[in-house]
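Asks: Dropping a structure here in structure tokens format, bear with me for questions.
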Amino acid sequence: MRPGTGAERGGLMVSEMESQPPSRGPGDGERRLSGSNLCSSSWVSADGFLRRRPSMGHPGMHYAPMGMHPMGQRANMPPVPHGMMPQMMPPMGGPPMGQMPGMMSSVMSGMMMSHMSQASMQPALPPGVNSMDVAAGAASGAKSMWTEHKSPDGRTYYYNTETKQSTWEKPDDLKTPAEQLLSKCPWKEYKSDSGKPYYYNSQTKESRWAKPKELEDLEGYQNTIVAGGLITKSNLHAMIKAEESSKQEECTTASTAPVPTTEIPTTMSTMAAAEAAAAVVAAAAAAAAAANANTSTTPTNTVGSVPVAPEPEVTSIVATAVDNENTVTVSTEEQAQLANTTAIQDLSGDISSNTGEEPAKQETVSDFTPKKEEEESQPAKKTYTWNTKEEAKQAFKELLKEKRVPSNASWEQAMKMIINDPRYSALAKLSEKKQAFNAYKVQTEKEEKEEARSKYKEAKESFQRFLENHEKMTSTTRYKKAEQMFGEMEVWNAISERDRLEIYEDVLFFLSKKEKEQAKQLRKRNWEALKNILDNMANVTYSTTWSEAQQYLMDNPTFAEDEELQNMDKEDALICFEEHIRALEKEEEEEKQKTLLRERRRQRKNRESFQIFLDELHEHGQLHSMSSWMELYPTISSDIRFTNMLGQPGSTALDLFKFYVEDLKARYHDEKKIIKDILKDKGFVVEVNTTFEDFVAIISSTKRSTTLDAGNIKLAFNSLLEKAEAREREREKEEARKMKRKESAFKSMLKQATPPIELDAVWEDIRERFVKEPAFEDITLESERKRIFKDFMHVLEHECQHHHSKNKKHSKKSKKHHRKRSRSRSGSESDDDDSHSKKKRQRSESHSASERSSSAESERSYKKSKKHKKKSKKRRHKSDSPESDTEREKDKKEKDRDSEKDRSRQRSESKHKSPKKKTGKDSGNWDTSGSELSEGELEKRRRTLLEQLDDDQ
């Protein structure tokens with residue numbers, strides 16, 4: 001082959017191939033025709049043209065087994081339907097290595113395409129069947145080992161009779177070439193839940209609603225193959241004749257080294273081979289037409305546009321097959337070249353990663369044009385005319401550019417390169433030519449500098465990407481170590497040392513940031529993983545220690561299988577464990593709080609139940625304000641609600657009972673008012689002889705008594721009964737006072753009797769003297785009269801005895817006193833004085849004795865009344881416990897009054913003890929003035945006391 005023909009005839013440029021990313025495999029933009037008769041190096045590009053790989057494999061190298069996905073990858077299988085799960089189909093074996101003769105790819109393609117056109121695109125040959133045998137016709141009727149069957153639910157599955165395996169996916173043996181292309185496409189069509197189709201890329205994990213262009217091209221190519229018949233036999237023979245002239249020159253370009261030859265027997269006729277070749281050309285032309293219909297660019301030598309009809313290539317191959325009808329002798333290198341002529345080439349110009357070689361050029365099938373034909377087809381010399389000087393100058397510059405005159409060339413060097421061209425004479429003057437040449441040099445130098453700058457920039461970017469993506473590069477890698485590793489590589493030496501250092505520093509910063517981010521992500525991932533493991537470990541509690549947790553983690557299979565988790569930072573693991581323990585402690589505390597709340601709720605419900613139990617007792621009349629715990633304990637203790645109260649903190653059952661009774665007592669004043677209103681409405685008055693049953697009968701006769709407490713009713717009854725008793729005592733006191741007044745009047749009557757009553761007098765003897773007296777009539781009972789008379793006689797006798805004793809003492813004193821007196825005084829006068837003094841003493845003594853007796857009686861009566869008051873106060877305090885506050889105030893007032901009364905009584909007694917001396921009467925008469933005064937004072941005092949008692953009540 002001539003150098004440069006691949007770039008000039010529409011093949012893929014080498015620079016374009018190098019600009020493509022090497023990481024892409026044949027699965028991105030192209031699909032292998034596996035299962036067909038094409039060689040393993042044949043590929044169909046996205047635009048439908050048959051292309052070949054530039055690298056030539058060794059005849060003995062191992063090719064990928066036929067029927068397998070390129071690059072050792074299996075085709076993406078659709079989601080397995082529900083129901084029967086078929087076994088996975090293992091990779092199928094390739095053809096035997098002894099069956100790799102150097103057969104021309106054109107004959108193989110012709111046989112394959114002829115079979116496809118005649119059989120209406122039947123499925124490709126099953127894997128394991130040699131394509132050379134099929135081309136020779138030795139196994140033309142070979143039966144596939146896969147059979148098609150129907151499942152009970154109507155779905156189709158496929159069974160392998162040799163491996164005894166079944167699969168839902170259609171095997172490559174039964175697929176047509178178009179179906180194989182579609183199956184190798186990474187884009188698959190699926191249905192959403194709503195039935196709308198969408199497309200998913202199994203390699204990039206991308207999904208979209210619109211149909212990808214790659215899938216559309218493959219479907220268009222499938223339709224082209226199915227349609228068929230685009231090239232007729234006449235067109236095919238015309239192409240064969242046109243190729244015969246260049247047959248010899250093509251053969252010379254195959255290989256210069258002699259290799260062993262192999263004879264291939266032909267079992268097909270020339271017409272069959274021609275028809276097969278026509279089918280191949282038709283398929284390629286239709287695919288190219290479909291690709292050109294999708295693009296708007298014109299056919300050029302770039303990657304985006306490919307020649308529409310590569311007839312010279314195909315016709316030459318077909319002509320070779322027709323001429324060598326009986327036997328064909330081909331060298332080993334030519335076999336390898338022809339095996340690679342039908343390689344599927346992607347529009348991006350990707351190079352197969354299996355070979356690892358970067359060829360210098362990418363040639364298409366059109367590179368087989370003979371050199372002689374190319375020289376003959378060169379155009380003859382033309383004559384140029386220029387209308388203006390600018391056009392002539394532009395033509396001269398184009399000449400320099402076409403001849404690729406460098407920017408540093410001298411004028412003499414440039415003349416040698418362009419002087420033979422007619423456009424050299426475009427400018428007549430030499431100065432104009434030199435001027436145009438200098439302008440061309442400036443422009444070319446500028447363009448070269450710009451191109452060098454862009455290439456250098458691209459080299460720096462490539463170097464930066466190389467360092468960033470290299471697996472051995474880290475943020476701690478030294479520059480010297482990197483120079484040792486990459487110093488011999490072109491990407492390292494493509495830039496200067498200064499720029500290399502700057503880029504290296506930037507790469508280290510980028511890698512450091514990247515590593516930090518990765519470490520952060522790894523730390524976060526390990527944190528989450530450890531947290532999940534701790535959450536799922538039931539034996540880790542809030543009281544678990546770190547050492548115990550470590551042992552639990554080592555026994556955990558999830559932790560033991562995760563190497564990254566085992567390499568986790570110990571401090572991070574400890575912090576994660578600490579947070580987990582804190583969460584468990586918080587949960588435990590919350591659980592305790594919930595338990596405490598539940599316990600408190602239970603205790604509260606127990607208290608409420610016991611309160612309801614007390615209400616029930618109150619409704620039945622068993623519990624009232626006067627009830628005691630000891631009385632009701634047998635009844636209360638027999639209830640379960642009392643048992644539930646035992647042992648719980650807070651208020652006990654006794655406390656609740658006391659509170660309940662106190663509440664009932666607090667209602668006493670209000671209920672007492674209601675009771676008084678009821679008694680007032682009924683006109684009932686509580687007397688001393690009123691019974692509690694009568695009182696309750698009167699109270700319960702109205703509806704207002706339903707809310708009254710039985711204890712409060714009893715307390716009200718006791719209060720009213722005490723008031724009735726107080727009234728009765730007051731009445732008795734009043735009668736006693738009246739009786740005392742009558743007695744004092746009777747005694748006065750006896751004292752004032754004339755003649756005076758003697759000490760030895762008898763009541764029956766003197767009774768008749770007082771019958772008509774009012775004092776005698778006031779006392780109706782004779783027995784009382786006798787009693788008063790006896791008392792009077794007893795007092796009279798006592799006074800007489802006291803008087804005689806005083807007279808004796810007085811006589812002795814008077815004698816002594818009489819001796820001291822003056823003798824001038826007469827004896828008669830002294831006698832009169834003595835008698836007069838004696839009378840006075842007798843009166844004073846009788847008066848003082850009566851006063852003492854009366855004061856003693858009054859004091860005794862006062863003490864009795866005071867004792868009675870104290871007893872009544874005690875009774876009131878015992879019975880009227882709710883009125884304790886008011887009673888205390890009343891007691892204070894009464895005490896104050898009593899103290900005042902005591903003071904007044906003491907003053908009166910002191911007055912009685914020292915009475916004024918009065919002018920007396922005769923000693924023989926009764927002196928009753930002193931006794932009368934004492935009785936009056938006593939009477940006044942009694943009246944004041946009675947008035948005070950009435951006021952208090």
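Backbone N, Cα and C define each Cβ position, glycine as well.
What Swiss-Prot lists as compositional bias 'Basic and acidic residues' is 879-912. Residues annotated as domain 'WW 1' in Swiss-Prot, with sequence analysis given as evidence: 140-173. The feature domain 'WW 2' is assigned by Swiss-Prot to 181-214, with sequence analysis given as support. The domain 'FF 1' annotation in Swiss-Prot covers 389-443. Per Swiss-Prot, domain 'FF 4' is recorded for 603-663. The domain 'FF 5' annotation in Swiss-Prot covers 668-723. The annotation domain 'FF 6' is assigned in Swiss-Prot to 738-795. Here Swiss-Prot flags ARG9 as omega-N-methylarginine, drawing on a large-scale study or a structure entry. Taken from Swiss-Prot, the feature phosphoserine covers SER34, SER151, SER719, SER783, SER879, SER881, SER884, SER931, SER934 (among others). Taken from Swiss-Prot, the feature N6-acetyllysine applies to LYS196, supported by a large-scale study or a structure entry. Here Swiss-Prot flags THR928 (among others) as phosphothreonine, drawing on a large-scale study or a structure entry. What Swiss-Prot lists as region 'Disordered' is 1-40, 348-382, 799-953.
Describe the structural context of these features.
Replies: Residues in the domain 'WW 1' (140-173) partition by DSSP class (helix H, G, I; strand E, B; coil) as 2 helix, 13 strand, 19 coil.
Across the domain 'WW 2' (181-214), the model assigns an average pLDDT of 82.
Under the DSSP three-state reduction, LYS196 (N6-acetyllysine) is assigned to coil, being neither helix nor strand. Around the Cβ of LYS196 (N6-acetyllysine), 9 further Cβ atoms fall within 10 Å across all displayed protein chains.
In this view, SER719 (phosphoserine) is surrounded by 19 other Cβ atoms within 10 Å of its Cβ, with every protein chain counted.
Just so you know, the Cβ of SER783 (phosphoserine) picks up 8 other Cβ atoms within 10 Å once every protein chain is counted.
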Asks: Can you grab the distance from SER151 (phosphoserine) over to LYS196 (N6-acetyllysine)? Cα atoms, rounded to a whole Å.
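Replies: Cα-Cα distance, SER151 (phosphoserine) to LYS196 (N6-acetyllysine): 27 Å.
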Asks: Counting across all protein chains shown, how many other Cβ atoms sit within 10 Å of the Cβ of SER151 (phosphoserine)?
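Replies: Result for SER151 (phosphoserine): 14 neighbouring Cβ atoms inside 10 Å.
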Asks: Tally the residues of the domain 'FF 5' (668-723) by DSSP class, grouping H, G and I as helix, E and B as strand, and everything else as coil.
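Replies: The domain 'FF 5' (668-723) comes out at 42 helix, 0 strand, 14 coil.
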Asks: At the level of the C-alpha atoms, what whole-angstrom distance separates SER719 (phosphoserine) and LYS196 (N6-acetyllysine)?
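Replies: That comes out at 98 Å between the alpha carbons.
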Asks: According to DSSP, which of helix, strand or coil covers SER783 (phosphoserine)?
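Replies: Reduced to three states, the DSSP call for SER783 (phosphoserine) is helix.
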Asks: Please report how many Å separate the Cα atom of SER783 (phosphoserine) from that of LYS196 (N6-acetyllysine), as a whole number.
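Replies: With the alpha carbons as reference points, the distance is 136 Å.
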